[in-house]
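Trainee: The structure follows.
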Amino acid sequence: MSTTVEAEVTGEGIVNDGNLNTAQAHTSRKGFCSVRHGLAFIMHFCNFSILTQQMNMSIAIPAMVNNTALPSLPNASTEKPPTESQDNWNETLKEFKVVAAMYDWSPEIQGIILSSLNFGSFLAPIPSVFLVELFGAKYLTGAGIFISSVLNLFIPLAADTGVTLLIVLRVIQGLVQVLALTCQYSIWARWAPPMERSQLTTIAQSGSVLGCFIIFLAGGHICQTIGWPYVFYIFGGTGCACSFLWILLIYDDPVNHPFISTSEKEYIIFSLAQEDSPPGWSLPIKDMLKSLPLWSILIFHFTDYWHFFLITMYTPIYINSVLQANIRDSGILSALPFASASIFIVLEGLLADFLLSRKILKLITIRKLFTTIGKNQGGYRGGYGMHRAASYSLCVCPPAPGVLFPAALSVSLFWVRSSFSTTMVFLMLSSVIKSLIQSGAFVSFLDIAPRYSALLRGLTQIFSYMAGAISPTVAGFLIEQDSEFGWRNVFLLAAVVGISGLVFYLIFAQAEVQDWAKRRHSPTCEQI
């Protein structure tokens, strides 16, 4: 695919022109009415679908397990949720037994089930990068979304069969989700002008945050009214529809798009031609291993996703067991922190691009500032082809500013658990602030090596999914070992891990293209 684009660029003399203003003279900036923004909104809905499938187990598992509610902790919430159903928890459990099957899973088993989606995920990003080069993002991503959605439909049957089959199914589902999210990002290597990367990718990524909001908001109600299996049926069916939408409307590059205007096509090609970092297959492995800026990004992804997977997977359980809310209310309350994230994540992308385009702040200052006081949305999972590309967060995280504030608020949850309203305020504030990271450390790999953005995105995913495989499992173990102080230990550990990654990133992160990622001219080219 990349050779097609490069051939057209050379043929039109765009590379040799080197004048970005000429391209901008055409009606290239059409705002949200442009084709590239349309692609971002399509990715928004596809990421929404994938995220709901990643998170539906988190909201369904309290309804699936008959011993999810842990023994009430000393000083547990004495402030009841503002719903009548709070006083009818026992009746709710009886309704579940009638509507759907329930299972006797310990907190440790629950942690393993929640983590299982990531058990094999860290093995998939790098192979996905090479597959997308061979087959293109259009069909690989569409196939990944479709297979994941079909597997989602079979989760209730797998749960009835046994824990082992359920875990195996979720491992396979995690692998194809990584394939879908990794391959889709190769499209931004050919579609996203450098000055618009933050806004385009945050529009697409906000679908993941919206997915978190909807699955928690609607999932609890679905579980309590028609049964937890329908959470998997409904969002599995939605994913199948999104996969067809993707196949019909997405194209790998602007050159092959049948409806894009000539001016927008030229603007995109001009913009990408300005980067002296063309796609390539040669890998300076030794230089990459010695690169502290690269390691700062990888370590930060591991530490930040530790907190992300903990919050997204355990928020419904925490609200249910500690705040004593029923399934429907815990779903609604879990959705609140995500409500503003889908808006704030787009706004922070626009803000980052504004500060950069007006030269108000240096790029590295923007990255470190947004990382410290704002947080990337998790979720996301994803990667790119072997080209310039823009980033998503993956998985999917609740909205919250940076690392420091969310860490402090999370640790405080244990000591404010007696106040229902304070706990919810802390959860919501943490999420809103976290949304700023999407324009911080999560985009840094595009700054230091746009030529190898696909590979670096794959590496960041490996570290992210390693955290996703470990964090919920450790949390389940700590909670089962100590019902009184387990949650405190979980939050403290997450804070220590997160702050450690932030400190390493602030010390070693850079925003300049590294020497090992720059264009390497052959002797023939030098002579020319």
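Note: Cβ is positioned from N, Cα and C throughout, glycine not excepted.
The model shown is predicted, which means the values in this text are computed figures rather than measured ones.
Per TrEMBL, the features are:
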type: DOMAIN; residues: 33-513; note: domain 'Major facilitator superfamily (MFS) profile'
type: TRANSMEM; residues: 112-132; note: transmembrane segment
type: TRANSMEM; residues: 139-159; note: transmembrane segment
type: TRANSMEM; residues: 165-188; note: transmembrane segment
type: TRANSMEM; residues: 200-218; note: transmembrane segment
type: TRANSMEM; residues: 230-251; note: transmembrane segment
type: TRANSMEM; residues: 294-319; note: transmembrane segment
type: TRANSMEM; residues: 331-356; note: transmembrane segment
type: TRANSMEM; residues: 422-446; note: transmembrane segment
type: TRANSMEM; residues: 458-479; note: transmembrane segment
type: TRANSMEM; residues: 491-511; note: transmembrane segment
Trainee: Three or more CB pairs closer than 8 Å, sequence separation of 6 or more: does that hold for the transmembrane segment (491-511) against the transmembrane segment (294-319)?
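Mentor: Contact between the transmembrane segment (491-511) and the transmembrane segment (294-319): present.
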Trainee: Mind checking which residues of the chain, 6+ beyond the ends of the transmembrane segment (458-479), have their Cβ under 8 Å from one of its Cβ atoms?
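Mentor: For the transmembrane segment (458-479), the list is 70, 107-112, 114-115, 117-119, 121-126, 128-129, 174, 178, 182, 297-299, 301-303, 305-310, 313-314, 381-383, 394-395, 442, 445, 486-487, 489-490, 493-494.
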Trainee: Looking only at the recorded stretches 112-132, 165-188, 230-251, which one has the largest tally of CB-CB distances under 8 Å to the transmembrane segment (294-319)?
Mentor: 112-132
Trainee: Might you confirm whether the transmembrane segment (139-159) is in contact with the transmembrane segment (230-251), defined here as three or more C-beta pairs under 8 A between residues 6 or more apart in sequence?
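Mentor: The answer is yes, given that the two segments have at least 3 Cβ pairs within the 8 Å cut-off.
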Trainee: How about long-range neighbours of the transmembrane segment (139-159): same chain, 6 or more residues beyond its ends, C-beta under 8 Å?
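Mentor: Hits for the transmembrane segment (139-159): 46, 49-50, 53, 56-57, 64, 100-101, 103, 128, 131-132, 165-166, 168-170, 172-173, 176-181, 183-184, 228-229, 232-233, 235-240, 242-244, 246-247, 250.
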Trainee: Return the average pLDDT for the domain 'Major facilitator superfamily (MFS) profile' (33-513) as a whole number.
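Mentor: The average pLDDT of the model in the domain 'Major facilitator superfamily (MFS) profile' (33-513) works out to 77.
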